[in-house]
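**Student:** Dumping the structure here so I can ask a few things about it.
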Amino acid sequence: MRVTVIHYRPPINVSVGRLSNTIRRDAGLRSDYYILQDGILKRKENTVYFHNKEGKRVLPINKIYSIYAYGKLSFSSGVVSYLAKNGIPIHFFNYYGFYEGSMYPRETLISGDLVIHQAAHYLDSEKRGYLAAQFIEGSSRNILKNLGYYARSKEDVRDAIDRYIEKIDGEIARLPGANTIPEMMNVEGRIRDIYYSALDAIFPEEYKITKRTRRPPENRMNTLISFGNSLMYTTVLSEIYNTQLNPTISYLHEPFERRFSLSLDVSEIFKPVIVDRIILKLVNKNMLDDGCFRGEIGDMLLSEKGKKIFLAEYNAKLGTTIKHKGLKRNVSYKRLIRLELYKLAKHVLGDAEYKPLVMWW
């Protein structure tokens, strides 16, 4: 049986401030499950099975936090009902590893007061602009942390990296003068372009980004970035689901129909912290080889082998703990995401001003 299941044990939920103290699920006893093959989910009484041509495997529902489906997955209404009853979302990804959609249980942590305040902050251009700028600044300062590490540790590229850092600092200084969301997005875009150019000074030739391409990714580095960013988006989305925030009301990204744009906003902060650092590790430690990729230049994606390696590192990173400078205790990277959402909720409720997470470690 080749169902790929990678376990991660996230921390127990603890709400703060004016937020509900409801615990939706005992996350500390649950794991994320990743299914990489095509197959069928079937339910028999209180057990869910994954079936494919190679056999079947039991998925212990009381131990599942979220399901990530990278293959074609079929299931009955009975499975949907049972997963929903147990508060388990399924996230679906396409052939290239891009997020396609989610099946979510009915909302139980509902706060009309918080939703009203969220919407009010979107409708007020000044309040929206403040939050949008904070997301960009948080992301940019985490980018600088990544580059600063290489400026200190790689003498052969130190001068080049320092010049890129100076350019990014200059763009961050432009943020207060950006009066509209499009102007802020332009600043963010320039920072990302500078960042990718800096990474090209670090990466070996076969992992140069050259330019950012998405659908499809045109080379190895674009493939890794796209795969990781899709994962980050859904991880943040799962955490939003376990708060009272509405995932469709956002500030940096436009809240279009059929997408959870708040997840895009918050992901900006964590992509440099989690995704980029995983990619840097995979490349610099030569953890990937030709067998980790499929396709050719211009149309490339991760193979099953590549996905397994990336997912293993991703879950290890989410489960890694650091000493929180405010809480004075160890928290996991995944817990940092939940804490960031609580900070955002407290901001829109008027309890505390939001400042984004910037790595201190």
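Backbone N, Cα and C define each Cβ position, glycine as well.
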**Student:** Please state which member of Glu188, Glu205, Glu206, Glu313 TrEMBL lists alongside His253, Glu268 for binding Mn(2+).
**Tutor:** Glu188
**Student:** Select the most exposed residue of Glu188, Glu268, where exposure means the fewest other Cβ atoms within 10 Å, treating these as the binding-site residues.
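**Tutor:** Taking Glu188, Glu268 as the binding-site residues, the minimal 10 Å Cβ count falls on Glu188.
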